[in-house]
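According to TrEMBL, the features are:
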{"type": "REGION", "residues": "44-78", "note": "region 'Disordered'"}
{"type": "TRANSMEM", "residues": "104-131", "note": "transmembrane segment"}
{"type": "DOMAIN", "residues": "106-584", "note": "domain 'Major facilitator superfamily (MFS) profile'"}
{"type": "TRANSMEM", "residues": "143-164", "note": "transmembrane segment"}
{"type": "TRANSMEM", "residues": "171-195", "note": "transmembrane segment"}
{"type": "TRANSMEM", "residues": "201-219", "note": "transmembrane segment"}
{"type": "TRANSMEM", "residues": "231-253", "note": "transmembrane segment"}
{"type": "TRANSMEM", "residues": "268-288", "note": "transmembrane segment"}
{"type": "TRANSMEM", "residues": "376-396", "note": "transmembrane segment"}
{"type": "TRANSMEM", "residues": "443-465", "note": "transmembrane segment"}
{"type": "TRANSMEM", "residues": "472-492", "note": "transmembrane segment"}
{"type": "TRANSMEM", "residues": "498-519", "note": "transmembrane segment"}
{"type": "TRANSMEM", "residues": "531-553", "note": "transmembrane segment"}
{"type": "TRANSMEM", "residues": "559-579", "note": "transmembrane segment"}
Amino acid sequence: MLTELMRTQLMADCHHFLLKPADSLLEDLLIDCRHLLSEDTTLGVHSSPMNAGRRPRQEQHRGNCSSSTRKRRHCDGTSTKENFRRANTCRTSSDLSGDHGFHYMLLTLCGLIYMDTAIGVTILSFVLPAAQCDLEMDSTAKGWLTASPMLGMLIGSYIWGCLADTKGRKIVLIATLLMDGVVGIVSSFVQYFWVFLVFRFFNGFAVTGAMGICFPYLGEFQPTKYRERCLCWMEMFWTVGVIVLPLIAWLIIPMDFIIVSDTFYFKSWNLFVALCALPSLMLGLWLFTFPESPKFLLECGETDAALEVFKWIYSRNTGADPETYPVKCLQEKAKHQDKSTRSLKLLKRKDLKVLFAEIRDLTSALCKPPYLRNTALACIIQFGLTSSYYTLMVWFPELFTRFEQFEHANPGETTSVCIVSALSDNTTFFDPYGCDTIIAPSVYLHTVYIGLACIPGSIILPLFVHKLGAKFFLIFSLVVSGAVTVGFYYVVNSMQNLVLSCVFEALTSLGISLVYCVIVDMFPTNLRVMAAALSLTMGRLGALVGNLVFGYLIDLACVIPIILFAAFLFACGFFSFLLPRTGKDTLD
């Protein structure tokens, strides 16, 4: 049975016809929501040319469209139930489904954006050992550098979320991608540590916007019953990003490439940073060819614009003329006098005062029942999971390098993470910035193995999430990854460290994607991105604290961050039990 929250969400989605951009999706909407729609929403339908001779007597019942004083198209005519009956009998799924080419292309675009954010988040893991001599970084400075983009994410998450919920998904997503690309390229020419740190702050500021918006943008084009599965496929793209990054680093960083003058240098690691920024620019430009979310447009009351998006998608999926799209007009949900979150209408163009007022209203709605509990749970889980994942993921190559150095100097001997860290700290007296350090090929290879370890989970998740639910997989990934974190304290060689690192990355990256999937289903359209942004803000705060703590303690008392991150993950697993259930039973 539908929970009350999901019933409210589904009714609202049906009212606005927000989840069905193509005719097959419209067909599903008409069938699935037959008993949930209210009587105040009508739909103008006409028979397509292929059905013109099948039910001619129903042509006289078509709803008529007219332009109101607000220049929005409204429908009058038959009742909602009659429209449901007519739509269901005069068109079959085979007539209307098309090839869904647009939806595959949209999944590809959003997946590549998510892959690009994976590269942007973890790029410093290879910059740290490669640039430590040029930028004169010790372990504490490395901690500050890895914390810098996390601070940008902390600040940017909420700002981008507010803008996406008020200005639109597409335009804000484009802005984040172009900003990330431009700042990334400029940062590759920086010569000083503190300047580079500032630029990485702005990279994090931009990346978090793209990461938080691409999930709602993709999800709002999908039918409810397929949305969770579609969003789970995004994990595969993150995995590809984790695999591609070390391969690019392996190809570029060891190169004997350098451009030097009296006041300027440009080495292989600078080239690596510049190349990793290019995909953001290309994806931002590609996004110009895609439409705004029709769900967002309908929330804004822009029914004509939403209908044009539906027509365009229908044409892309079927190859037919957009004017043959069976739906001829959309009508807004009747306005009520209550102060529910659904009465918070979004308007795209507004002055600064109105914008801040709307942000305040949306934030206030998240912090009040019935969404307060879900908001708190999402924030707590994001804090614990993100602090553990981003901290350890960024520091894994550094740990691999230290193990490599120890085993090269002491062949056949066993050690541990804490022992290796302590010995590494002693060597800084002779080489404080690691200028004699060379990144071994095994470091890149081990990071590739970590990415490959994520593939099984990326395939299993979308295949079984509809049966078991995202909540089950989230709890499993958090609890097991917490146990793996404890295991880091007991490793005695680099191979054991590699195995645990692979398992940790596979489970925690799965958890990151699952949290986004759960958030999309827990909140209505006009609060969805804001909720994701608020939870991301807490997650980035955790990542910021985690990187600072780890960078400071890894050389002093590494057992403390290990215990701390394990406790975070176990606690997140417990709080995940309290999340509302998602999956096949709920969505259907």
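Backbone N, Cα and C define each Cβ position, glycine as well.
Automatic, uncurated: that is what TrEMBL annotation is.
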Quiz item: When only pairs 6 or more apart in sequence are counted, do the transmembrane segment (559-579) and the transmembrane segment (472-492) reach 3 or more Cβ pairs under 8 Å?
Solution: yes
Quiz item: So what's near the transmembrane segment (376-396) in sequence-distant terms, Cβ-Cβ under 8 Å and 6+ beyond its ends?
Solution: 121-122, 124-125, 128, 146, 150, 446-447, 450, 474, 478, 481, 485, 501, 504-505, 508-509, 511-512, 515, 518-519, 522, 531, 534-543, 545-547, 549-550, 554, 561, 565, 568-569, 571-572, 575-576, 578-579
Quiz item: Mean pLDDT for the domain 'Major facilitator superfamily (MFS) profile' (106-584), as a whole number?
Solution: 83
Quiz prompt | Proximity verdict for the transmembrane segment (201-219) and the transmembrane segment (443-465), three or more C-beta pairs under 8 Å | solution = no
Practice problem: Any chance you could find the range in 171-195, 231-253, 531-553 with the most Cβ pairs under 8 Å to the transmembrane segment (143-164)? | Solution: 531-553
Quiz prompt | Within-chain partners of the transmembrane segment (171-195) [C-beta distance under 8 Å, separation at least 6 from its ends] | solution = 113, 116, 120, 135-137, 141, 145, 160, 163-164, 202-203, 205-207, 209-210, 213-214, 217, 263-266, 270-271, 273-274, 276-285, 287-288, 292
Practice problem: Would you mind listing the long-range same-chain contacts of the transmembrane segment (443-465), meaning Cβ under 8 Å and 6+ residues beyond its ends? | Solution: 125-126, 129, 228-230, 232-233, 235-236, 238-240, 242-247, 249-250, 396-397, 400-401, 404, 473, 477, 494, 498, 501-503, 505-507, 509-510, 513-514, 517, 583
Quiz item: Other than its close neighbours in sequence, what residues sit by the transmembrane segment (498-519), given a CB gap under 8 Å and a spacing of at least six beyond its ends?
Solution: 215, 228, 231-232, 234-235, 238-239, 242, 378, 381-382, 385-386, 388-389, 392-393, 396, 399-400, 446, 449-454, 456-458, 461, 465, 470-471, 473-474, 476-478, 480-481, 484-485, 487-488, 491, 528, 531-532, 535, 569, 572, 579, 582
